[in-house]
Amino acid sequence: MLGFLQHPVVVTAEVNLNMVALTAVGLLSRLWQLAYPRAVVFDEVYYGQYISFYMKRIFFLDGSGPPFGHMLLALGGYLGGFDGNFLWNRIGAEYSSNVPVWSLRLLPALSGALSVPMAYEIVWELGFSHCAATGAALLMLIENALITQSRLMLLESVLIFFNLLAVLSYLKFSNSQKHGPFSPRWWFWLVLTGVACSCAVGIKYVGVFTYLLVLGVAAVHAWHLIGDQTLSNVRVLCHLLARAVALVVLPALVYLLFFYIHLLLLYRSGPHDQIMSSAFQASLEGGLARVTQGQPLEVAFGSQITLKNIFGQPVPCWLHSHQSTYPMIYENGRGSSHQQQVTCYPFKDVNNWWIVKDPGRHQLVVNNPPRPVRHGDVVQLVHGMTTRLLNTHDVAAPLSPHAQEVSCYVDYNISMPPQSLWRLEIVNRESDTDVWKTILSEVRFVHVNTSAILKLSGVPLPDWGFRQLEVVGEKLFWGHHESTVWNVEEHRYGRSQEQKERELELHSPTQMDISRNLTFMARFSELQWRMLTVRSDDSEHKYSSTPLDWVMLDTNIAYWLHPRTSAQIHLLGNIVIWASASLATLVYALLFVWYLLRRRRRVCDLPEDRWLRWVLAGAVCAGGWAVNYLPFFLMEKTLFLYHYLPALTFQILLLPVVLEHVSDHLCRSQLQRSLFTALVMAWFTSACHVSNMLRPLTYGDRSLSPSELKALRWKDSWDILIRKY
């Protein structure tokens with residue numbers, strides 16, 4: 001019965017020493033003196049602010065990408081005991097003692113180090129030799145730009161890691177498909193592919209390019225699977241459902257999880273609140289939540305309100321008026337009504353308050369019980385401090401002559417009667433009897449007499465309008481736009497009929513308490529939309545570049561300069577690797593077209609299995625380069641050299657693939673192979689030499705003289721190499 005105990009339990013394992021060695025060297029190259037320099041380096045000033053916000057649980061908005069990458073950097077700060085107290089205001093500023101520099105830079109460094117053995121695995125899974133796989137890993141190891149970027153508190157190395165992980169996981173899944181479909185190994189790699197794709201997109205939006213690449217390759221494989229007559233219909237359906245769930249549904253759920261954790265952590269009001277809606281701001285602790293606490297939920301006739309424009313462009317602002325009037329004659333010679341100005345003001349002010357009036361009554365107080373305003377009701381808006389009615393008429397707006405002027409009516413005893421009736425439309429209503437609600441309701445005001453819609457044009461007025469934003473009545477308006485939508489932000493029930501008492505009342509707090517907690521999906525939808533539409537700073541930068549500059553490394557970025565010596569760090573790639581990778585991409589494209597044309601003529605230079613392997617390598621490596629590079633030609637944003645690094649990694653993977661193919665299939669004799677091998681070794685030696693030459697600019701640990709700096713410019717160093725070799 002216990003016979004199995006008579007024999008020892010033996011566990012055997014295969015250890016790839018190539019992988020172990022590459023991982024160890026990769027860790028050494030990325031982790032060596034990681035805390036140096038102990039100063040803010042380039043975009044660390046940008047990411048560091050967000051890490052501090054995480055440590056203090058303060059909400060922020062970053063339009064450059066989803067929150068997963070920021071959370072990973074913040075995790076490093078949390079593990080290092082960072083309290084968030086550091087002023088991230090200057091590149092080159094020395095870190096204080098409470099900043100755990102090593103921990104903050106650890107996760108990018110680990111990502112960069114693990115990308116080295118991952119490159120080995122990808123080339124191996126594509127079906128090429130261990131020699132080619134080792135070559136790809138060594139090129140990743142010695143490429144200076146990849147080393148520099150992974151040793152700092154930046155996100156490109158993390159993005160590259162998850163890009164490669166997504167590709168590697170799918171290749172392992174695809175290879176396991178041949179031997180054990182629906183096995184635990186098969187499911188593991190399929191699920192990991194979906195998770196890695198979601199992580200890549202969650203770090204930066206450009207991660208979606210690699211995700212689309214994986215989906216494209218998976219779609220082609222699925223198409224071939226559908227045509228496999230050895231599989232039953234049920235089996236094919238199970239394969240398709242498994243891929244759809246793992247590669248579409250699961251990434252979407254993981255992406256939502258990133259935002260859920262992000263919003264769970266950042267529950268306090270912060271400096272980026274104003275770009276969000278009033279409802280979103282009210283869901284944060286402090287800030288608007290403190291101001292709006294206790295406000296009545298339902299807007300009634302007699303309510304005192306402030307109206308915020310939903311669009312929030314060019315800045316968040318509130319409907320506003322003041323004693324000043326429009327000029328009689330504008331600078332272009334056009335005349336105005338000389339009525340009281342109505343604008344949109346980007347600051348909280350007592351002149352932002354309006355009173356909702358029933359046109360059939362004179363009183364400006366709320367009845368008991370309150371009579372709520374509903375969708376479709378006709379109202380008048382009375383300016384709280386001047387008691388004048390919001391008005392529009394057939395007079396051209398000051399800066400938007402195609403639209404009507406909006407004013408507060410002043411009675412000059414001339415033949416210009418007031419036109420102050422507005423019909424309320426609740427845009428996000430559930431029924432036509434919905435009540436106008438504080439913060440929650442998004443409303444439009446349609447002028448009864450002219451059908452013009454109250455709209456923020458967003459154009460700053462001249463000095464006579466105090467540079468506030470123009471508000472107009474847009475008569476010819478098609479469709480729905482946020483510039484015509486408003487919501488009540490601050491609200492109280494008016495109780496005083498006398499103007500003096502009412503002015504005092506406008507400053508007093510309310511007593512009722514209404515909860516306005518948004519659902520997670522509502523907050524996620526708004527935050528995602530703001531991230532995609534927020535305007536980024538597109539101004540020119542000293543080190544900005546174009547995609548054409550990247551391919552031949554005709555640019556670099558000075559990341560850091562020692563304040564007392566000439567030691568410095570530059571983002572500068574290895575020109576031997578960059579130029580060779582570009583050449584390899586061109587060679588692959590030419591060979592692919594040549595083989596394709598010859599196959600069309602029924603001439604097969606490669607056996608079918610070799611041809612499929614060649615095509616897959618091109619789809620993954622050349623395709624990965626193309627999808628991560630070409631879209632930048634269409635982007636209207638400030639671009640830098642580091643944007644090219646994800647595309648470069650795929651080119652580096654392609655380089656040893658092309659070299660092996662040339663050696664195995666184009667070198668006909670043993671002599672040709674020997675000569676080609678010698679050329680490859682000389683080329684790799686030159687790449688190592690350039691990498692070592694650039695080491696002082698990669699690690700920044702040695703002072704350089706002006707002549708040494710000049711010699712490190714790639715064009716000069718290339719001349720040196722030509723003379724040496």
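Backbone N, Cα and C atoms are what each Cβ position is placed from, and that goes for glycine too.
Database features (TrEMBL):
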DOMAIN    296-359  domain 'MIR'
DOMAIN    370-427  domain 'MIR'
DOMAIN    431-491  domain 'MIR'
TRANSMEM  68-88  transmembrane segment
TRANSMEM  126-146  transmembrane segment
TRANSMEM  153-171  transmembrane segment
TRANSMEM  186-203  transmembrane segment
TRANSMEM  208-226  transmembrane segment
TRANSMEM  246-267  transmembrane segment
TRANSMEM  571-596  transmembrane segment
TRANSMEM  611-632  transmembrane segment
TRANSMEM  639-659  transmembrane segment
TRANSMEM  671-694  transmembrane segment
>> Are there residues at least six beyond either end of the transmembrane segment (68-88) with Cβ under 8 Å to its Cβ atoms? List them, or say none.
In response: 40, 44-56, 62, 95-96, 98-100, 102-108, 153, 155, 158-159, 199, 202-204, 258, 261-262, 265
> Do the transmembrane segment (571-596) and the transmembrane segment (153-171) share at least 3 Cβ pairs under 8 Å, sequence separation 6 or more?
Replying inline: no
> Given pairs 6 or more apart, does the transmembrane segment (671-694) have at least three Cβ pairs under 8 Å with the transmembrane segment (153-171)?
Replying inline: no
>> Using a cut-off of under 8 Å between C-beta atoms, tell me which stretch among 126-146, 153-171, 246-267, 639-659 contacts the transmembrane segment (611-632) the most.
In response: 639-659
> Which residue counts does DSSP give the domain 'MIR' (296-359) for helix, strand and coil?
Replying inline: 3 helix, 30 strand, 31 coil
> Have the transmembrane segment (246-267) and the transmembrane segment (639-659) got at least three CB pairs under 8 Å, pairs 6 or more apart in sequence?
Replying inline: no
>> Please count the residues of the domain 'MIR' (370-427) that DSSP assigns to helix (H, G, I), strand (E, B) and coil.
In response: 0 helix, 26 strand, 32 coil
>> Per DSSP, what is the helix/strand/coil residue tally across the domain 'MIR' (431-491)?
In response: 6 helix, 27 strand, 28 coil
